[in-house]
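Single-structure report; data block below.
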Amino acid sequence: MATPAVSGLSRQVRCFSTSVVRPFAKLVRPPVQVYGIEGRYATALYSAASKQNKLEQVEKELLRVAQILKEPKVAAPVLNPYVKRSIKVKSLNDITAKERFSPLTTNLINLLAENGRLSNTQGVVSAFSTMMSAHRGEVPCTVTSASPLEEATLSELKTVLKSFLSQGQVLKLEAKTDPSILGGMIVRIGEKYVDMSVKTKIQKLSRAMRETA
């Protein structure tokens with residue numbers, strides 16, 4: 001039998017599967033909408049955590065949950081569809097008790113187990129992280145270069161990219177390397193995408209030469 005707390009979170013999740021306006025209005029809407037099953041669970045959790053002022057705590061706990069579920073000894077029985085649900089719940093209860101997770105995180109895990117959605121856990125964690133990133137005003141930016149950028153170049157690039165942000169927004173920069181682009185860089189910031197790689201320039205030159213042949 002589901003606990004009252006689990007049932008409450010379950011009701012919030014279900015209301016996102018319907019078009020009933022009144023229950024939807026009672027939820028605290030996240031700053032960004034994430035679609036799909038994972039998005040519905042994450043939105044319900046965001047609403048509950050926001051009302052209790054525990055967004056940061058839940059975010060930290062969810063990252064720990066994702067880490068735990070990557071451990072083979074845990075993932076094998078918990079994510080195996082042929083293992084009885086009661087065994088999964090017992091294993092999860094042991095984990096949540098050991099980690100001393102908050103009731104919000106514990107209830108989410110129990111709800112996912114109850115609904116046979118444990119395989120969606122990583123997706124829920126990712127969706128919640130996306131909401132929290134938007135909550136903090138973070139703008140994700142990925143810079144891909146053929147080789148690691150020098151600190152001076154990276155610092156100058158950050159200054160340029162920050163000039164495109166609105167007030168209150170925070171740049172969250174991730175630098176990656178991909179030798180296949182040959183040189184230059186590829187920048188993705190928010191919804192914008194700029195390809196300044198040597199590889200793309202060569203491809204454009206090749207197409208142009210074929211068209212004029």
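Placed from the backbone N, Cα and C atoms, the Cβ positions cover glycine too.
Pulled from Swiss-Prot, these are the features on record:
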TRANSIT   1-23  transit peptide
MOTIF     5-23  motif 'SIFI-degron'
MOD_RES   Lys54  N6-acetyllysine
MOD_RES   Lys60  N6-acetyllysine
MOD_RES   Lys73  N6-acetyllysine
MOD_RES   Lys90  N6-succinyllysine
MOD_RES   Lys158  N6-acetyllysine
MOD_RES   Lys158  N6-succinyllysine
MOD_RES   Lys162  N6-acetyllysine
MOD_RES   Lys162  N6-succinyllysine
MOD_RES   Lys172  N6-acetyllysine
MOD_RES   Lys176  N6-acetyllysine
MOD_RES   Lys192  N6-acetyllysine
MOD_RES   Lys199  N6-succinyllysine
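Long-range Cβ contacts of Lys176 (N6-acetyllysine) within its own chain (separation 6+, distance under 8 Å): Thr142, Val143, Thr144, Ser145.
Its Cβ placed at the centre, Lys199 (N6-succinyllysine) has 16 other Cβ atoms within 10 Å.
Summed and averaged per residue, pLDDT over the motif 'SIFI-degron' (5-23) gives 49. With respect to Lys199 (N6-succinyllysine), the closest of these modified residues in Cα terms is Lys158, chosen from Lys90, Lys158, Lys162. Note: Lys60 (N6-acetyllysine) has no non-local neighbours, i.e. no same-chain residues 6+ apart with C-beta under 8 A of its own C-beta.
Of all Cβ atoms in the shown protein chains, 17 besides its own fall within 10 Å of the Cβ of Lys54 (N6-acetyllysine). Per-site Cβ counts within 10 Å over the modified residues Lys73, Lys158, Lys192 peak at Lys158. Lys54 (N6-acetyllysine) falls outside any helix or strand according to DSSP and counts as coil. Note: the Cα of Lys158 (N6-acetyllysine) and the Cα of Lys73 (N6-acetyllysine) are spaced 41 Å from each other. Nearest Cα neighbour of Lys162 (N6-acetyllysine) among the listed modified residues (Lys73, Lys172, Lys192): Lys172. Cα-Cα distance from Lys73 (N6-acetyllysine) to Lys90 (N6-succinyllysine): 14 Å (rounded to the nearest whole number).
A Cα-Cα distance of 46 Å separates Lys90 (N6-succinyllysine) from Lys192 (N6-acetyllysine).
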